[in-house]
Amino acid sequence: MMKLIKYPSKEQWAELLKRPALNTESLFDTVRTIINKVRAEGDKAVLEYEAAFDKVTLSALTVTSEEIQKAEGLISDELKSAITLAKRNIETFHSSQRFVGKKVETMEGVTCWQKAVGIEKVGLYIPGGTAPLFSTVLMLAVPAKIAGCREIVLCTPPDKNGNIHPAILFAAQLAGVSKIFKAGGVQAIAAMAYGTESVPKVYKIFGPGNQYVTAAKQLVSLRDVAIDMPAGPSEVEVLADASANPVFVAADLLSQAEHGVDSQAMLITTSEKLQAEVMEEVNRQLAKLPRREIAAKSLENSKLILVKDMDEALELTNAYAPEHLIVETENYLEVAERVINAGSVFLGSLTPESAGDYASGTNHTLPTNGYAKAYSGVSLDSFIRKITFQEILPQGMKVIGPAIEEMAANELLDAHKNAVTVRLNTLK
């Protein structure tokens, strides 16, 4: 059950803000073995691991066009409409992030500029596990398509009958995924990192997963392929004062807790009354949840923290740097201006985390484990590279050249200096 903490001292903060431990190092030997086998044996190894881990015997990894077409008829019109609405909002928000480059003359005759280009080949990992995360398909494939990624590869584990959830296939087709493969876990990450007979090698891998997937992404990113960001268990913090609705707050905490047993939900509040009411409401709502066993286990990692004022609440919040932050206070826009460490922020009593998880338009692939102090969530920028260009004309070289020569000489790099000198000699 959630722990009630009242007026902790600053000396206690570090202990209070600890996340559930995610020890991937102990898994590295196992994960490395799987990666090496897939790298050496390709499809054969992936198929063997699918049989061992996902308990399914597959004849091929590739999802056929017939399977994709059939999926549309297997989900309700209501769900198709919801997915289409979410896709439209995600597309609208991420399209607004398009880079507009401009040429800058840093001095007369010296011009610099940038060009944004999509990463040519990207791999998206969509977990199977306890729920079909078709929303993550939209969060990753939509910005990849806007960025101009030429090849968008998706891997997701099949069920025991060898089928992919139809909502995942529908979302993938709607968002413009190029190829879909029946592969999960470490073997899927390895297949995208190194390529197999079926699965193309990609340049960057995106998507959440369990501790094995996290370890695999860490290992392949050491030298072979880029990844989106360091990942850990999902988390939410609600920052609230006496004006907050305890029913809403409890619902938000539980919506995070049902993600998985290692998720974390935190309330930081200035109201002792709210703290007590939220505890009571969490217990009431928990009893009605289908995934209550998972949520209850997660709540053991979770805390309801009472602090003396909003200044302290914000200081503690910025120290925690939550993946998701819900601000339910009287003057939430003013409070939000003082938030400097968070992945995504949800403002006011009518903005639950679920909105960003699914359909408001922001991305739900976010930094966890305190990485919001240094990392951003996935955005259009995650799928592009910015190439810099520069052009120097004669009048520019005459002015900038001597400065370059002087700097190169003082760094004892004579060839650097000479590359300028030979050009200046032609301009005399």
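Backbone N, Cα and C define each Cβ position, glycine as well.
Pulled from Swiss-Prot:
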- Glu323: active site, proton acceptor (ACT_SITE)
- His324: active site, proton acceptor (ACT_SITE)
- Tyr125, Gln187, Asn210: NAD(+) binding site (BINDING)
- Ser234, Gln256, His259, His324, Asp357, Glu411, His416: substrate binding site (BINDING)
- Gln256, His259, Asp357, His416: Zn(2+) binding site (BINDING)
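Structure coloured by features recorded in Swiss-Prot.
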residue: Tyr125; record: NAD(+) binding site; CB count, 10 Å: 27
residue: Gln187; record: NAD(+) binding site; CB count, 10 Å: 29
residue: Asn210; record: NAD(+) binding site; CB count, 10 Å: 19
residue: Ser234; record: substrate binding site; CB count, 10 Å: 23
residue: Gln256; record: substrate binding site; CB count, 10 Å: 29
residue: His259; record: substrate binding site; CB count, 10 Å: 22
residue: Glu323; record: active site, proton acceptor; CB count, 10 Å: 28
residue: Asp357; record: substrate binding site; CB count, 10 Å: 22
residue: Glu411; record: substrate binding site; CB count, 10 Å: 10
residue: His416; record: substrate binding site; CB count, 10 Å: 15
Item to complete: Consider each pair of residues in Tyr125, Gln187, Asn210, all listed by the record as binding NAD(+), and report the largest Cα separation in Å as a whole number.
Response: 13
Worksheet item: Out of Tyr125, Asn210, Glu323, which of these recorded positions is nearest Ser234 (substrate binding site) by C-alpha distance?
Response: Glu323
Worksheet, complete the sentence: His324 (active site, proton acceptor) has its Cβ surrounded, within 10 angstroms, by a count of other Cβ atoms equal to 26
Worksheet item: Considering only the binding-site residues Tyr125, Asn210, Gln256, His259, Glu411, which residue has the minimal Cα-Cα separation from His324 (active site, proton acceptor)?
Response: Gln256
Worksheet item: Taking the Cα atoms as reference points, how far is Glu411 (substrate binding site) from Glu323 (active site, proton acceptor) in Å?
Response: 44
Worksheet item: If you measure from the Cα of Glu323 (active site, proton acceptor), which of the binding-site residues Asn210, Gln256, His259, His416 is the nearest?
Response: Gln256
Practice prompt. Measuring CA to CA, name the entry from the binding-site residues Gln256, Asp357, His416 that ends up nearest Asn210 (NAD(+) binding site).
Written response: Gln256
